[in-house]
Amino acid sequence: MDIEWFATGVGAVVVLYILYHFIRITLNILGPYVFCQPIDLKKKAGASWAVVTGATDGIGKSYSFELAKRGFNVYIVSRTQSKLEHTKKEILEVHPDIEVRFATFDFTNPSVSDYEKLLSKLNEVSIGILINNVGMFFDYPEMLHKINGGIDSIANVTIINTLPATLLSAGILPQMVPRKAGIIVNIGSVAGLATMAEWSVYSATKKYVEWITGCLQKEYGHQGIIFQAITPAMVATKMAGNPNTSFFTPDSDTFAKSALNTIGHASQTTGYITHQIECEMLKLLPDFVIDRSIKQTSAQLREALAKNENKPLM
(Lines of atoms letter the chains of each structure in order from A; the text may use other names.)
(Lines give C-alpha, C1' and ligand atoms only; values in the text may rest on other atoms or scores of the structure.)
Protein backbone atom coordinates (compact mmCIF):
# COMPACT_ATOMS: atom_id res chain seq x y z
CA MET A 1 0.00 0.00 0.00
CA ASP A 2 2.79 2.41 0.94
CA ILE A 3 4.57 1.62 -2.32
CA GLU A 4 1.39 2.35 -4.28
CA TRP A 5 0.98 5.71 -2.54
CA PHE A 6 4.63 6.52 -3.19
CA ALA A 7 4.34 5.60 -6.87
CA THR A 8 1.16 7.66 -7.19
CA GLY A 9 2.84 10.64 -5.53
CA VAL A 10 5.89 10.43 -7.78
CA GLY A 11 3.65 10.14 -10.83
CA ALA A 12 1.67 13.20 -9.76
CA VAL A 13 4.86 15.22 -9.25
CA VAL A 14 6.14 14.22 -12.69
CA VAL A 15 2.84 15.15 -14.33
CA LEU A 16 2.78 18.52 -12.54
CA TYR A 17 6.41 19.15 -13.53
CA ILE A 18 5.68 18.43 -17.20
CA LEU A 19 2.48 20.48 -17.07
CA TYR A 20 4.31 23.42 -15.49
CA HIS A 21 6.97 23.47 -18.20
CA PHE A 22 4.38 23.05 -20.95
CA ILE A 23 2.42 26.05 -19.65
CA ARG A 24 5.61 28.09 -19.17
CA ILE A 25 6.86 27.37 -22.68
CA THR A 26 3.44 28.06 -24.20
CA LEU A 27 3.13 31.40 -22.40
CA ASN A 28 6.70 32.42 -23.30
CA ILE A 29 5.99 31.75 -26.97
CA LEU A 30 2.41 32.94 -27.32
CA GLY A 31 2.12 35.50 -24.50
CA PRO A 32 4.14 38.46 -25.83
CA TYR A 33 3.57 37.65 -29.51
CA VAL A 34 -0.05 36.47 -29.80
CA PHE A 35 -2.11 37.02 -26.64
CA CYS A 36 -0.91 40.50 -25.60
CA GLN A 37 -1.61 43.77 -27.36
CA PRO A 38 1.16 46.40 -27.73
CA ILE A 39 1.20 48.90 -24.88
CA ASP A 40 1.10 52.69 -25.24
CA LEU A 41 4.84 53.28 -25.48
CA LYS A 42 4.56 57.06 -25.18
CA LYS A 43 2.65 56.75 -21.93
CA LYS A 44 5.13 54.26 -20.45
CA ALA A 45 8.12 56.23 -21.74
CA GLY A 46 6.93 59.49 -20.22
CA ALA A 47 8.94 61.58 -22.70
CA SER A 48 9.14 62.15 -26.44
CA TRP A 49 12.76 61.22 -27.24
CA ALA A 50 14.22 57.78 -27.95
CA VAL A 51 17.98 57.16 -27.96
CA VAL A 52 19.33 54.31 -30.09
CA THR A 53 22.98 53.20 -30.14
CA GLY A 54 24.49 51.38 -33.09
CA ALA A 55 21.75 53.08 -35.07
CA THR A 56 23.12 53.22 -38.61
CA ASP A 57 22.87 49.52 -39.48
CA GLY A 58 20.77 46.44 -38.90
CA ILE A 59 18.61 46.11 -35.81
CA GLY A 60 19.56 49.52 -34.40
CA LYS A 61 18.61 51.32 -37.60
CA SER A 62 15.32 49.44 -37.76
CA TYR A 63 14.54 50.32 -34.13
CA SER A 64 15.18 53.98 -35.02
CA PHE A 65 12.77 53.90 -37.96
CA GLU A 66 10.10 52.02 -36.02
CA LEU A 67 10.29 54.44 -33.07
CA ALA A 68 10.05 57.38 -35.47
CA LYS A 69 7.01 55.72 -37.03
CA ARG A 70 5.44 55.58 -33.58
CA GLY A 71 5.93 59.31 -33.10
CA PHE A 72 9.14 59.50 -31.09
CA ASN A 73 11.91 61.96 -31.80
CA VAL A 74 15.06 59.93 -32.33
CA TYR A 75 18.61 60.54 -31.08
CA ILE A 76 20.90 58.18 -32.97
CA VAL A 77 24.41 57.34 -31.77
CA SER A 78 27.10 55.59 -33.79
CA ARG A 79 30.76 55.85 -34.78
CA THR A 80 30.67 57.22 -38.34
CA GLN A 81 29.33 60.73 -38.93
CA SER A 82 28.63 60.22 -42.64
CA LYS A 83 26.45 57.20 -41.88
CA LEU A 84 24.66 59.09 -39.11
CA GLU A 85 23.93 61.97 -41.47
CA HIS A 86 22.63 59.55 -44.10
CA THR A 87 20.45 57.71 -41.58
CA LYS A 88 19.04 60.99 -40.27
CA LYS A 89 18.16 62.02 -43.82
CA GLU A 90 16.50 58.66 -44.50
CA ILE A 91 14.38 58.85 -41.34
CA LEU A 92 13.23 62.41 -42.01
CA GLU A 93 12.30 61.58 -45.59
CA VAL A 94 9.84 58.99 -44.29
CA HIS A 95 8.85 60.72 -41.03
CA PRO A 96 9.18 64.50 -41.57
CA ASP A 97 7.08 65.39 -38.52
CA ILE A 98 9.61 64.19 -35.95
CA GLU A 99 13.04 65.50 -34.95
CA VAL A 100 16.28 63.57 -35.40
CA ARG A 101 19.60 64.33 -33.72
CA PHE A 102 22.82 62.38 -33.77
CA ALA A 103 26.07 62.02 -31.86
CA THR A 104 29.27 60.37 -33.05
CA PHE A 105 30.84 58.04 -30.52
CA ASP A 106 33.38 55.23 -30.73
CA PHE A 107 32.26 52.64 -28.20
CA THR A 108 35.37 50.48 -28.55
CA ASN A 109 37.83 52.62 -26.58
CA PRO A 110 36.11 55.41 -24.65
CA SER A 111 37.19 57.02 -21.40
CA VAL A 112 34.82 57.92 -18.59
CA SER A 113 35.10 61.57 -19.64
CA ASP A 114 34.05 60.57 -23.18
CA TYR A 115 30.90 58.99 -21.76
CA GLU A 116 30.26 62.06 -19.63
CA LYS A 117 30.44 64.29 -22.72
CA LEU A 118 28.06 62.01 -24.62
CA LEU A 119 25.60 61.89 -21.73
CA SER A 120 25.74 65.67 -21.45
CA LYS A 121 24.54 65.89 -25.06
CA LEU A 122 21.88 63.23 -24.66
CA ASN A 123 20.50 64.76 -21.48
CA GLU A 124 19.73 67.99 -23.32
CA VAL A 125 16.49 66.28 -24.38
CA SER A 126 13.81 64.42 -22.42
CA ILE A 127 14.54 60.75 -23.00
CA GLY A 128 11.72 58.25 -22.63
CA ILE A 129 13.29 55.25 -24.34
CA LEU A 130 16.89 54.05 -24.47
CA ILE A 131 17.77 51.22 -26.85
CA ASN A 132 21.24 49.90 -25.98
CA ASN A 133 21.86 48.07 -29.23
CA VAL A 134 25.51 48.66 -30.09
CA GLY A 135 27.52 45.45 -30.10
CA MET A 136 30.40 43.60 -31.74
CA PHE A 137 31.32 40.07 -32.76
CA PHE A 138 34.62 38.56 -33.85
CA ASP A 139 35.38 37.79 -37.49
CA TYR A 140 34.53 34.14 -36.81
CA PRO A 141 34.20 31.75 -33.83
CA GLU A 142 37.56 30.63 -32.44
CA MET A 143 39.32 29.36 -29.32
CA LEU A 144 40.26 32.18 -26.96
CA HIS A 145 44.01 32.14 -27.59
CA LYS A 146 43.51 31.97 -31.37
CA ILE A 147 41.03 34.84 -31.77
CA ASN A 148 41.82 36.98 -34.80
CA GLY A 149 43.25 40.28 -33.56
CA GLY A 150 44.38 38.86 -30.24
CA ILE A 151 43.77 40.61 -26.94
CA ASP A 152 43.00 43.90 -28.71
CA SER A 153 39.94 42.34 -30.38
CA ILE A 154 39.00 40.56 -27.16
CA ALA A 155 39.13 43.84 -25.25
CA ASN A 156 37.06 45.65 -27.89
CA VAL A 157 34.31 43.03 -27.90
CA THR A 158 34.21 42.88 -24.11
CA ILE A 159 34.05 46.67 -23.75
CA ILE A 160 31.52 47.38 -26.48
CA ASN A 161 29.17 44.56 -25.44
CA THR A 162 29.04 45.48 -21.75
CA LEU A 163 29.94 49.09 -20.94
CA PRO A 164 27.44 51.04 -23.10
CA ALA A 165 24.36 49.34 -21.67
CA THR A 166 25.69 49.85 -18.15
CA LEU A 167 26.97 53.42 -18.32
CA LEU A 168 24.28 54.90 -20.57
CA SER A 169 21.57 53.40 -18.37
CA ALA A 170 23.24 54.88 -15.29
CA GLY A 171 23.52 58.27 -16.98
CA ILE A 172 19.95 58.47 -18.27
CA LEU A 173 18.08 56.95 -15.30
CA PRO A 174 18.30 60.24 -13.34
CA GLN A 175 15.84 61.61 -15.92
CA MET A 176 13.47 58.67 -15.64
CA VAL A 177 13.34 58.11 -11.88
CA PRO A 178 11.66 61.45 -10.97
CA ARG A 179 9.11 60.92 -13.77
CA LYS A 180 8.45 57.36 -12.62
CA ALA A 181 8.41 56.45 -16.29
CA GLY A 182 10.90 55.26 -18.87
CA ILE A 183 11.91 52.27 -20.96
CA ILE A 184 15.41 50.82 -21.33
CA VAL A 185 15.93 47.95 -23.77
CA ASN A 186 19.25 46.11 -23.83
CA ILE A 187 19.96 44.00 -26.91
CA GLY A 188 21.70 40.74 -26.05
CA SER A 189 21.78 37.50 -28.00
CA VAL A 190 20.59 33.91 -27.85
CA ALA A 191 24.34 33.18 -27.59
CA GLY A 192 24.10 34.25 -23.96
CA LEU A 193 21.64 31.49 -23.11
CA ALA A 194 24.18 28.66 -23.23
CA THR A 195 27.89 28.17 -22.63
CA MET A 196 29.42 28.05 -26.09
CA ALA A 197 32.87 26.78 -27.01
CA GLU A 198 34.67 29.10 -29.45
CA TRP A 199 32.13 31.84 -28.68
CA SER A 200 33.31 32.30 -25.10
CA VAL A 201 33.82 36.07 -24.92
CA TYR A 202 30.80 36.95 -27.06
CA SER A 203 28.53 34.50 -25.22
CA ALA A 204 29.71 35.72 -21.81
CA THR A 205 29.23 39.40 -22.66
CA LYS A 206 25.70 38.71 -23.91
CA LYS A 207 24.95 36.82 -20.71
CA TYR A 208 26.11 39.92 -18.84
CA VAL A 209 23.56 42.01 -20.77
CA GLU A 210 20.76 39.63 -19.85
CA TRP A 211 21.86 39.43 -16.21
CA ILE A 212 22.28 43.15 -15.52
CA THR A 213 18.97 43.88 -17.22
CA GLY A 214 17.21 41.47 -14.88
CA CYS A 215 18.93 43.04 -11.87
CA LEU A 216 17.95 46.55 -12.95
CA GLN A 217 14.35 45.51 -13.58
CA LYS A 218 14.19 44.42 -9.94
CA GLU A 219 15.80 47.70 -8.83
CA TYR A 220 13.61 50.06 -10.85
CA GLY A 221 10.49 48.15 -11.87
CA HIS A 222 8.57 49.33 -8.80
CA GLN A 223 9.36 52.92 -9.83
CA GLY A 224 7.51 52.63 -13.12
CA ILE A 225 10.61 52.07 -15.27
CA ILE A 226 10.68 49.12 -17.66
CA PHE A 227 13.90 47.22 -18.31
CA GLN A 228 13.88 44.61 -21.05
CA ALA A 229 16.54 42.24 -22.38
CA ILE A 230 16.08 41.17 -26.00
CA THR A 231 18.01 38.02 -26.93
CA PRO A 232 17.53 37.44 -30.67
CA ALA A 233 18.69 34.50 -32.71
CA MET A 234 19.62 35.03 -36.37
CA VAL A 235 18.41 38.27 -37.99
CA ALA A 236 19.24 39.10 -41.59
CA THR A 237 21.81 41.85 -40.98
CA LYS A 238 25.34 42.75 -42.04
CA MET A 239 26.74 41.80 -38.61
CA ALA A 240 25.16 38.36 -38.89
CA GLY A 241 26.70 37.95 -42.33
CA ASN A 242 23.39 36.64 -43.64
CA PRO A 243 21.24 38.88 -45.86
CA ASN A 244 18.69 36.13 -46.61
CA THR A 245 15.42 35.93 -44.71
CA SER A 246 13.53 32.77 -43.81
CA PHE A 247 10.88 31.52 -41.38
CA PHE A 248 13.43 31.62 -38.57
CA THR A 249 15.45 34.59 -39.90
CA PRO A 250 13.45 37.82 -40.20
CA ASP A 251 14.76 41.03 -41.68
CA SER A 252 15.68 43.71 -39.15
CA ASP A 253 12.58 45.85 -39.80
CA THR A 254 10.23 42.95 -39.09
CA PHE A 255 12.24 42.04 -36.02
CA ALA A 256 12.31 45.57 -34.55
CA LYS A 257 8.55 45.99 -34.94
CA SER A 258 7.92 42.65 -33.24
CA ALA A 259 10.39 43.34 -30.44
CA LEU A 260 8.92 46.77 -29.63
CA ASN A 261 5.49 45.17 -29.34
CA THR A 262 6.77 42.93 -26.52
CA ILE A 263 7.75 45.83 -24.25
CA GLY A 264 5.75 45.69 -21.03
CA HIS A 265 4.84 42.03 -21.56
CA ALA A 266 8.20 40.29 -21.08
CA SER A 267 11.29 41.47 -19.23
CA GLN A 268 13.41 38.95 -21.16
CA THR A 269 12.45 37.54 -24.54
CA THR A 270 13.95 36.95 -27.96
CA GLY A 271 11.90 39.63 -29.68
CA TYR A 272 10.44 37.41 -32.40
CA ILE A 273 8.06 34.45 -32.15
CA THR A 274 10.08 31.94 -34.18
CA HIS A 275 13.20 32.92 -32.24
CA GLN A 276 11.28 32.23 -29.04
CA ILE A 277 10.36 28.78 -30.35
CA GLU A 278 14.06 28.13 -31.03
CA CYS A 279 14.99 29.40 -27.58
CA GLU A 280 12.47 27.23 -25.74
CA MET A 281 13.57 24.15 -27.69
CA LEU A 282 17.20 24.98 -26.91
CA LYS A 283 16.46 24.96 -23.19
CA LEU A 284 15.08 21.43 -23.44
CA LEU A 285 18.12 19.94 -25.16
CA PRO A 286 20.93 18.22 -23.24
CA ASP A 287 24.31 19.96 -23.24
CA PHE A 288 26.02 17.44 -25.51
CA VAL A 289 23.47 18.08 -28.26
CA ILE A 290 23.86 21.85 -27.94
CA ASP A 291 27.65 21.54 -27.91
CA ARG A 292 27.63 19.44 -31.08
CA SER A 293 25.32 21.89 -32.85
CA ILE A 294 27.47 24.87 -31.85
CA LYS A 295 30.61 23.08 -33.05
CA GLN A 296 29.00 22.44 -36.45
CA THR A 297 27.78 26.04 -36.71
CA SER A 298 31.23 27.39 -35.87
CA ALA A 299 32.85 25.17 -38.50
CA GLN A 300 30.32 26.29 -41.11
CA LEU A 301 30.94 29.96 -40.34
CA ARG A 302 34.70 29.54 -40.65
CA GLU A 303 34.29 27.59 -43.89
CA ALA A 304 31.99 30.25 -45.35
CA LEU A 305 34.39 33.05 -44.47
CA ALA A 306 37.35 31.13 -45.86
CA LYS A 307 35.45 30.54 -49.09
CA ASN A 308 34.63 34.25 -49.38
CA GLU A 309 38.25 35.22 -48.79
CA ASN A 310 39.67 32.28 -50.79
CA LYS A 311 42.00 31.27 -47.98
CA PRO A 312 41.96 28.81 -45.08
CA LEU A 313 41.38 29.97 -41.51
CA MET A 314 43.97 28.50 -39.16
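Even glycines carry a Cβ here, placed using N, Cα and C.
As recorded in Swiss-Prot, the features of this protein are as follows:
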| type | residues | note |
| --- | --- | --- |
| ACT_SITE | Tyr202 | active site |
| BINDING | 47-76 | NADP(+) binding site |
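Where Swiss-Prot records a feature, it is marked here on the structure.
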residue : record               : Cβ neighbours (10 Å)
Ala47   : NADP(+) binding site : 19
Val51   : NADP(+) binding site : 26
Ala55   : NADP(+) binding site : 32
Ile59   : NADP(+) binding site : 26
Tyr63   : NADP(+) binding site : 30
Leu67   : NADP(+) binding site : 27
Gly71   : NADP(+) binding site : 13
Tyr75   : NADP(+) binding site : 24
Tyr202  : active site          : 23
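Between the C-alpha atoms of the residue listed as 'active site' and Ala55 (NADP(+) binding site), the distance comes to 20 Å.
Classification of Tyr75 (NADP(+) binding site) by DSSP places it within a strand. Secondary structure at Val51 (NADP(+) binding site), as computed by DSSP, is strand.
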